[in-house]
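J.: Got a structure here, written out as structure tokens. Questions coming.
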């Protein structure tokens, strides 16, 4: 059941990932200070030349799908691996800045649960 509360969470999650995805291209928010291991990891991702643009485009597309409200379930599924990796990054390498990541991942899980009826046919054995 989609309520105003759930719609608000969709808007928050979708906007957050569209903004953070765009920031990877435009750089309108300064990067946070990271511990050395976290900085090395992020530097390695940037050095590949393709990983940051791939993550950014995925965040923008998934965020836009969530905001569209027509394809929210698809956007939530696409976004889940990114949410999990962001949480694991903060747990393992940068715990001090993890609260926003945990909140957004929690919203993602909650909304996936709300949209569970859309996935029921995918979860049935053949």
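Note that Cβ sites are derived from N, Cα and C of the backbone, with glycine treated the same way.
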J.: Suppose you had to name the range TrEMBL annotates as transmembrane segment; which of 12-30, 31-49 would you pick?
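T.: My reading of TrEMBL: the transmembrane segment range is 12-30.
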J.: For the transmembrane segment (12-30), what are the same-chain contacts with Cβ under 8 Å, counting residues 6+ beyond its ends?
T.: 52-53, 55-60, 62-67, 75, 79, 82, 104, 107-108, 111
